[in-house]
Amino acid sequence: MGEIRVDNFSLEDFFSGDIDSYNYSSDPPFTLSDAAPCPSANLDINRYAVVVIYVLVTLLSLVGNSLVMLVILYNRSTCSVTDVYLLNLAIADLFFALTLPVWAASKVNGWIFGSFLCKVFSFLQEITFYSSVLLLACISMDRYLAIVHATSTLIQKRHLVKFVCITMWFLSLVLSLPIFILRTTVKANPSTVVCYENIGNNTSKWRVVLRILPQTYGFLLPLLIMLFCYGFTLRTLFKAHMGQKHRAMRVIFAVVLVFLLCWLPYNIVLFTDTLMRTKLIKETCERQNEINKALEATEILGFLHSCLNPIIYAFIGQKFRHGLLKIMANYGLVSKEFLAKEGRPSFVGSSSANTSTTL
């Protein structure tokens, strides 16, 4: 991941329209020497619509992920392994979403926050994106070990899980360093500044690197891990006789399905764009504009994932609902009778009490 579109300046007069395709896909602009004039469609209406969507996603993520963090921290004495992952995931998604208003403002006014904040916000969004996806893969492995192998040794040692989370954050930081190093500001015209990678004369080479990095570690590898782990987990649940089996399967299906719906379309379009920009398929103005529009639309789906995770991992699950109702009952927002009527959550999984598969 890496770039945010800024479409509010004269594209024909600078970079021959390539800045218009400036998006969150780590797609550095062409240099003047390799750019070809290509008029870009007017996206004013789309730009303002995207700004509204960014703000809504931020608000939904703020509410949803804050509630997840509140419930987990309030019940930290009974915190499970899955809860540790969920807490880190909520933090990552929350900070990812909090960067969106900045990029929304840049769509209207260009980048107005200076070179240092260009690096900081880009770096923060990059780290939180990587950590979010890597933590999703860790959760799938946790469920796989807990259900398929009924593993309790690693699960019971919470400090090891915390070490795994710290490792994921560190790995995310390392993967994000190219963005921090290369991202800077540039004047697109006398009145507009943009925030993007400055890669000099090695544009084509670095473009491939900055595309392969997020697509491999930010999508393909986590997806393969999730498909493998959840595939075997589902097979085990089908064979088992568990009272909450169908509920657990719904959550697992939702995890994979929503991840695919959010990120698969974007990555398909991004891969096509990479093939075009590396001259493996013919580049035309019509094709470039079509891909730019597709990147804009599918990018929004990817951003939506940051506010959908609380729904998938928490709101569907019994454990979260009971934890939230417990907090509300303690503050008199719901009656104790209602809390008792709802009952305590039950979980599916191994004999270990330190993991749940229904969240």
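Placed from the backbone N, Cα and C atoms, the Cβ positions cover glycine too.
Of N23, N354, the one with N-linked glycosylation site in Swiss-Prot is N23, while the others lack that note in the record, though it may still apply to them. Scan Swiss-Prot for N-linked glycosylation site across N8, N75 and the hit is N8. K119 and L324 carry different topological domain names in Swiss-Prot and therefore face opposite sides of the membrane. Looking up C118 in Swiss-Prot gives a disulphide bond to a cysteine among C38, C79, C165, C195, identified as C195. Across the topological domain 'Cytoplasmic' (142-162), the model assigns an average pLDDT of 73.
Counting other CB atoms no more than 10 Å from each candidate's CB, the disulfide-bonded residues C118, C195 peak at C195.
Each residue in the topological domain 'Extracellular' (273-296) gets a DSSP state, and the totals come to 17 helix, 0 strand, 7 coil.
Under 8 Å from some Cβ of the transmembrane segment (84-104) lie the Cβ atoms of residues 4, 24, 50-51, 54-55, 57-58, 60-62, 65-66, 68-69, 72-73, 113, 117, 121, 124-125, 128-129, 131-132, 135-136, 138-139, 142, 158, 161-162, 165, 168-169, 303, 305-307, 309-310, 313-314, 359, all in the same chain and six or more residues away from its ends. Contact check: the transmembrane segment (208-230) against the transmembrane segment (297-314) gives fewer than three Cβ pairs closer than 8 Å, residues 6 or more apart, which falls short of the contact criterion. Between the transmembrane segment (120-141) and the stretches 163-182, 251-272, 297-314, the greatest number of Cβ pairs separated by less than 8 Å involves 163-182.
Here the topological domain 'Cytoplasmic' (75-83) is broken down by DSSP into helix, strand and coil counts: 6 helix, 0 strand, 3 coil.
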